[in-house]
Amino acid sequence: MLYKGDTLYLDWLEDGIAELVFDAPGSVNKLDTATVASLGEAIGVLEQQSDLKGLLLRSNKAAFIVGADITEFLSLFLVPEEQLSQWLHFANSVFNRLEDLPVPTIAAVNGYALGGGCECVLATDYRLATPDLRIGLPETKLGIMPGFGGSVRMPRMLGADSALEIIAAGKDVGADQALKIGLVDGVVKAEKLVEGAMAILRQAINGDLDWKAKRQPKLEPLKLSKIEAAMSFTIAKGMVAQTAGKHYPAPITAVKTIEAAARFGREEALNLENKSFVPLAHTNEARALVGIFLNDQYVKGKAKKLTKDVETPKQAAVLGAGIMGGGIAYQSAWKGVPVVMKDINDKSLTLGMTEAAKLLNKQLERGKIDGLKLAGVISTIHPTLDYAGFDRVDVVVEAVVENPKVKKAVLAETEQKVRPDTVLASNTSTIPISELANALERPENFCGMHFFNPVHRMPLVEIIRGEKSSDETIAKVVAWASKMGKTPIVVNDCPGFFVNRVLFPYFAGFSQLLRDGADFRKIDKVMEKQFGWPMGPAYLLDVVGIDTAHHAQAVMAAGFPQRMQKDYRDAIDALFNANRFGQKNGLGFWRYKEDSKGKPKKEEDVVVDDLLAKVSQPKRDFSEEEIIARMMIPMVNEVVRCLEEGIIATPAEADMALVYGLGFPPFHGGAFRWLDTLGSAKYLDMAQQYQHLGPLYEVPEGLRNKARHNEPYYPPVEPARPVGDLKTA
C-alpha cells in the first residue's frame with residue numbers, strides 16, 4: 001500500500017502501474033474537502049515514485065464520484081472571498097499535479113461522474129466508461145459554475161459548442177453521447193472496465209498511443225478562429241438569456257468566463273474561472289439553489305425512511321377517468337405499477353385512455369421508447385365500467401368531481417369492493433380528508449393523495465394525513481408516489497391542505513389589488529419578470545380554471561372565515577358570472593386561441609376591462625415593490641401559520657412543496673428561504689405597512705417573535721474552517 005486515506009487509497013497494480021481507488025466509507029464517493037486534500041497527498045506520494053510508469057483511477061462504489069459534497073457548500077459559501085479563492089487555488093493545484101504527472105493516466109469511470117467527479121477525470125489523459133455512465137457538470141443548476149477546472153478543460157477537449165451546451169445547461173450525458181463528443185475514449189461492459197483501462201494504459205506506456213499529444217490541448221488556449229469564437233459564444237449567450245434569464249446569473253457567467261479564458265493557457269484560464277466562481281458562490285441565488293438541492297435530499301430521505309417497512313403497491317386503481325384520472329393511470333403504468341381505471345361513463349374512459357396514449361406517443365416521438373414498450377405500458381392500464389379486478393388492488397385513488405357528496409358516495413361504494421387491507425385515497429384539492437373519512441367503515445385505511453396537473457410533469461404529491469389515517473396507510477401511498485417518480489410530502493389535514501391553503505391568500509392579494517385599481521396585466525408582468533413566478537396570478541387563474549378557483553375560494557372561505565371570507569365581489573366572481581372560465585372555454589382574463597401546435601395562446605380581450613371595472617375602483621398605478629409586497633405577504637403569512645399549526649412539518653418540506661407544487665421561483669428557494677434572505681425583522685417592517693388591508697396581512701405571532709431577534713427559520717450555518725485548515729481537512 002502506497003497511501004491510505006479515509007476516502008481513497010493508492011497501491012501498486014503491476015510493473016510500475018499504480019491504481020488510485022476512491023472508496024469512501026458510505027455508499028457513494030463524494031469529492032469533499034477532505035477527499036481533495038487526501039488526493040493531493042496521494043499525488044505527492046506518486047510524485048516521489050521514480051519507477052512509476054502509469055496511473056489508473058477507479059472507484060470501489062457503484063458510481064465513480066457523484067460530485068462534490070453539497071452539504072459542505074453553504075458553509076463554504078460563507079467563507080470570505082479571499083479565503084475561498086485560496087482554497088480553490090489549492091484544489092486546482094491538486095488536479096494540475098494529477099494532470100502533470102510524467103506518466104500516462106486513465107480513469108475507469110462507472111456510473112455517475114458529476115461535478116467534481118467529472119472535473120477529476122478531465123484531468124486524466126484517457127477515460128474508459130461503462131454503459132451506465134452519466135457524466136457532466138451540473139453546477140449552474142446550483143447557482144455556481146465549475147470550480148475545479150471544468151470550464152477550462154472541457155472546452156479544450158470537446159470544442160466550445162459541446163462544452164458550452166453541457167456547462168451552461170448544467171446537464172449530464174450518457175455513455176453513447178459522451179463517446180460521440182469525445183468526453184470518454186471508449187465504453188466497455190462493467191466486468192471488462194479495469195481490464196480495458198489497463199490495456200489502454202499499456203499501449204500508452206509502450207508508445208502505441210501518444211498520451212502527451214492527448215494531454216497538450218488542455219494546457220493551451222482554445223483552438224478557435226475569431227469567427228468561430230464569435231459564433232459559438234454569441235449563440236450560447238443568446239440561448240442562455242432566453243432560457244435562464246436575469247434571475248440565474250451562473251449560466252451566463254460561465255459562458256462569459258469560457259469566452260474570456262479561450263485565448264489563455266491553463267494557468268491563466270483557471271485564474272479566470274476562480275475569479276468568476278467566488279462571487280457566484282456568495283450570491284443569494286446560489287444559497288437558495290443549493291438549499292433546494294439539500295431540501296430535496298431531505299424530503300426524499302424522509303420518504304425512504306417512512307416506507308422502509310412497507311411493500312410498494314403492485315396493483316393500483318383510479319376512480320374517475322378523464323384528463324386527471326388518465327394522467328395518474330399513465331404515470332403509474334409508466335413506472336411499472338399496473339392500474340385499473342374505472343368510470344361510470346364510457347366516454348370518460350375513452351378520454352382517460354386517450355390521455356395516457358397521447359403521453360406515451362410523445363415518448364415514442366422523442367425516441368424515449370419503442371412501439372413494443374408503448375404497447376406494453378398501455379396494456380397495463382385496464383379501463384372498466386364496473387369493479388372487475390378491484391379485489392386485487394393494493395391502493396385506490398379517487399379522482400371524481402370535486403363535490404363532497406359525490407366523493408363520499410364513490411368512496412363508500414368502493415370500500416365494499418376491495419380487500420380489507422386495501423388503501424383508499426382521495427385526489428381532492430380542498431375538501432378535508434377527515435370529512436370524507438366519515439363515510440367509510442375503515443377510515444384508518446384512508447388518506448388524501450393530491451396530484452397536481454399535469455400529473456406527468458408536476459413532481460409534487462401532497463399526502464394528507466386524516467384524523468384517523470394509520471401510519472401504514474400513509475407509508476403505502478408514499479411508497480406508491482415514490483414509485484411513480486414523484487416527490488411525496490406528508491401534510492396534516494385542513495381545508496386546502498398546504499399548497500392550496502397558501503395559494504388562495506395569494507389570489508386574495510391579487511383580488512384586492514384589482515379592487516383597488518391595479519391592472520392585472522402589470523401585476524402578471526411584475527410577478528413573472530421581477531419576482532420570477534412562471535405565471536402571473538391572472539394567467540395562473542386562467543390555467544387553473546376560473547370556475548375551479550371560484551369553487552375552491554368558497555371552500556377556503558368556509559374553512560378560514562376570519563381571514564379568507566371576503567365582503568365584496570371580486571374579479572374571480574365577475575369572470576365566473578360572465579361564464580369566463582379560463583383556458584378551458586377560451587375566455588378568462590385573456591381570450592385564448594390554439595396556435596399551430598394546438599396549444600392555447602392568450603390574446604387581449606377588451607371586454608375584461610369593462611367586467612373588472614364593475615368590481616374595482618378607478619385605475620391607478622402601483623409600484624413594482626408594492627405589487628410584490630401585497631401579493632407575497634398573504635402567502636408567506638399563511639405558510640408560516642401552516643408551520644406553526646403543524647400542517648407542514650418543516651421549513652424544508654414547505655419550501656419544496658411550494659417549488660414543486662406551485663412553481664415558486666427556485667432562485668428564491670421557497671418562502672422560508674426568501675424570508676431568511678430578506679430577514680424576519682425586515683419582513684415584519686414591510687408587512688406592517690399593509691396591515692390595514694385586513695387579517696391576511698397580519699403577521700403571525702411566531703414570526704413576530706423571530707423578528708424581535710431577527711432569527712432565521714433554517715438553522716444558521718457556520719462558515720467553513722480557514723483555508724489553511726481546509727487544505728489538510
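Cβ coordinates are placed from backbone N, Cα and C, and glycine is handled just like the others.
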According to Swiss-Prot, N500, Y660 bind substrate; identify which of D296, D309, D343, D346 is listed for that same site.
D296
Further NAD(+) ligand in Swiss-Prot, beside D343, V400, V401, E402, K407, S429, N453, within candidate set M324, M353:
M324
Tertiary neighbours of Y660 (substrate binding site) (same chain, Cβ under 8 Å, six or more apart):
M458, P459, L460, T487
Mind telling me which of the binding-site residues D296, D343, E402 has the densest Cβ neighbourhood, counting other Cβ atoms within 10 Å?
D343
Among N453, N500, all listed as binding-site residues, which has the most CB atoms within 10 Å of its CB?
N500
Proximal but sequence-remote residues of the same chain as V401 (NAD(+) binding site) (Cβ under 8 Å, at least 6 apart):
G320, K407
Measuring Cα to Cα, how many Å separate E139 (site 'Important for catalytic activity') from D296 (substrate binding site)?
16
Cα distance (Å, whole number) from M324 (NAD(+) binding site) to E119 (site 'Important for catalytic activity'):
43
